[in-house]
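**Q** One structure, as structure tokens, below. Some questions next.
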């Protein structure tokens, strides 16, 4: 039979229909011949949108075109239609779950910022000590891969990449927590998130060749502008005529540099896990980050000589428990989202942590925010809200169009 070609989102489609199976290949380069198995409806929809949610076409091995009675169907009959509808509903549900978990992770990050600040100011805990405690407790996550019969250090052939991911993530946390000693928690968090989002978009393109759509770029840029407004100096800082102490200046510059460096390491970690998402589970990733942080955090703590201070009261222990819980919840939500979304989208959605932390801080210590803070936080919330709304609406509205395109493949003529 002669294969038929069709231009679909800039690629060449080749289809060959056998009595019981459909095979298809999408070739983006001239001279790329041959056939792969047809993708499932969910994979096909992701391919159409050209997102990073693609799955390998070979995962759908020889999908039989059979109806409910097990007989071969010649086209998109009743059995195929039911499967298409089922795939579409599953894709929409999975997309909703992903974004719900992402927003919950952002809320957990916001609570984590406030708890860290409260522990540092009220109970005089060193930020790196807090990181060490949470890392030690989260070593319990080793039970997840062990119960699933997996190696907690990753599958063979991917352990070095997993180790590099853990080191990058741990270095990001160490830099971020260390910066709290030199700059305010609000400025450190904002700089960290801004750098992570911008650099993850660049690194995902350079290392994974994953691109963002134009609408996503505009939305993320608006959110980054909002974060930039939050970094503007206040009126008191801008109009201060007192000479700046050189030591204070360089300590502040060092803190800002650490925050930006934390963003770079986090962007590398997000892109690194994105490349391992099909091989490494979330529990294994959490254990990797925990044991590498247990090595790096105490070393950094000793280098900066921040000191140790164990909790001696019930409120202090409660804050410690809250820190561990919020950090674990935030990590799980973000890491799950990385299996389906672009790293820059995952990081951009976490920008909501800044407005959440501000609201929680205002609830504890009522202080009127400045105009740039109000505008910046509003831009962040609106950009993330628009991003989530467009993704969920597209996942619902695009189902019919994707189904029609998929059925067009199944109906391709045999010449």
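Positions of Cβ are set from backbone N, Cα and C atoms, glycine also.
Caution: TrEMBL annotation is automatic and unverified by curators.
Feature table excerpt (TrEMBL):
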| type | residues | note |
| --- | --- | --- |
| DOMAIN | 100-231 | domain 'EamA' |
| TRANSMEM | 97-119 | transmembrane segment |
| TRANSMEM | 125-148 | transmembrane segment |
| TRANSMEM | 160-180 | transmembrane segment |
| TRANSMEM | 215-233 | transmembrane segment |
| TRANSMEM | 253-273 | transmembrane segment |
| TRANSMEM | 285-304 | transmembrane segment |
| TRANSMEM | 316-339 | transmembrane segment |
**Q** On the DSSP side of things, how many residues of the domain 'EamA' (100-231) fall into helix, strand and coil, could you say?
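**A** With helix first, then strand, then coil, the domain 'EamA' (100-231) has 106 helix, 0 strand, 26 coil.
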**Q** Which sequence-distant residues neighbour the transmembrane segment (160-180)? Criterion: at least 6 residues beyond either end, Cβ under 8 Å.
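**A** Residues 116, 120, 127-128, 130-131, 153-154, 188-189, 191-192, 255-256, 258-259, 261-266, 268-269, 272-273, 275-276, 280, 284-285, 288-289, 291-293, 295-297, 300, 304.
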**Q** Take the C-beta pairs under 8 A between the transmembrane segment (125-148) and each of 97-119, 253-273, 285-304, 316-339. Which stretch has the highest count?
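**A** Checked against 97-119, 253-273, 285-304, 316-339; highest Cβ contact count belongs to 285-304.
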**Q** Using a Cβ-Cβ cut-off of under 8 Å, list the residues of the same chain that are 6+ residues beyond the ends of the transmembrane segment (97-119) and lie near it.
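**A** Result: 125, 127, 130, 177, 180, 185, 189, 316, 319-320, 322-323, 326-327, 329-334, 336-337, 340-341, 346, 349-357, 359-361, 364, 384, 388, 391-392.
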